[in-house]
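Listed in Swiss-Prot:
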{"type": "BINDING", "residues": "Lys34, Gly35, Gly36, Val37, Gly38, Lys39, Thr40, Thr41, Glu245, Asn272", "note": "ATP binding site"}
{"type": "ACT_SITE", "residues": "Asp63", "note": "active site"}
{"type": "BINDING", "residues": "Cys283, Cys286", "note": "Zn(2+) binding site"}
Amino acid sequence: MSSTAVVHDDDLMEPSLQSIVNQKTLRWIFVGGKGGVGKTTTSCSLAIQLAKVRKSVLLISTDPAHNLSDAFGQKFGKEARLVDGFTNLSAMEIDPNGSIQDLLASGDAQQDDPMAGLGVNNMMQDLAFSIPGVDEAMSFAEVLKQVKSLSYEVIVFDTAPTGHTLRFLQFPTVLEKALAKLSQLSSQFGPMLNSILGARGGLPGGQNLDELLQKMESLRETISEVNSQFKDADLTTFVCVCIAEFLSLYETERMIQELTSYSIDTHAIVVNQLLFPKDGSECDQCNARRKMQKKYLEQIEELYEDFNVVRMPLLVEEVRGKEKLEKFSDMLVHPYVPPN
């Protein structure tokens, strides 16, 4: 059900994320699932474990809710900054609803940056807005800025809820098609458009259409390169996060099928908020909920027998702050053993 992953046979059935931490070839790790299942806690905790064995780790939130700041108790923005208490773990929060001008920005930015200087007039902005998933494009554009710097050994994505996550992963293909169409129109109507733009003073920044297309083509090449990395199981994997309930299990199955259709590796599932009532517990609600969770947990283990299924307990306190995240992260690599 998962695409081929580079894991040792001994790790294949291990109920932990240790195999992902051990896989030194990984460059991109996505963490996603239905809303409210603990994606941010899981992604932060996984990043903490990776920081123990990697030179540099970048944690990126593409969720508009931006819970990284709440999780670490530290304000993050669109520029990467070190997480307090770490020397090799940085974090950033991208606003996928940011202005399209940030992506197609005019102006005087560096000439060697494919993201820079993409000045557009209203016609080009209208074209950009017509591209499906343009809000996710904003996130992807910010990611590419980090990629070009080559300063992080591994990047962990704390993604938006399921539907947005999958659109984000599809965006490279969408943009490639859109730019191909734009290039085709330019070859057919380029002289006429340049004439019209010239009469109106040209594009912002004094560019002509050909220069704009060259910069957009450079961006397309970068996106294409990253997209190919996403489909390489040596470089990329997707960690699914869920809870032991019907809707969450349904969303997880749908997500795994779609990830597989896009050739994106996934071989790990984190099941959060599990109850482990003590033997003889008189809490009827606890016992009933545990019975329900056990049913869906068994279905998960049956459906995904070739996955690393990590069972995480429901905790009595919120997992916020460095110390609590570190304790939670230990359970991702050392399977939780419920008390007797």
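Start at 1 and count along the chain as shown; that gives each residue its number.
Backbone N, Cα and C define each Cβ position, glycine as well.
Overlay of Swiss-Prot feature records on the structure.
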residue : record              : Cβ contacts under 8 Å, 6 or more apart
Gly36   : ATP binding site    : none
Gly38   : ATP binding site    : Val241, Ile243, Val270, Asn272, Gln273, Met312
Thr40   : ATP binding site    : Ser61, Asp63, Asn67, Leu68, Asp70, Ala71, Asp158
Glu245  : ATP binding site    : Met292, Gln293, Tyr296
Cys283  : Zn(2+) binding site : Pro277
Cys286  : Zn(2+) binding site : Leu275, Pro277
Original post:
So how many other Cβ atoms are close to Lys34 (ATP binding site), meaning within 10 Å of its Cβ?
Top reply: 22
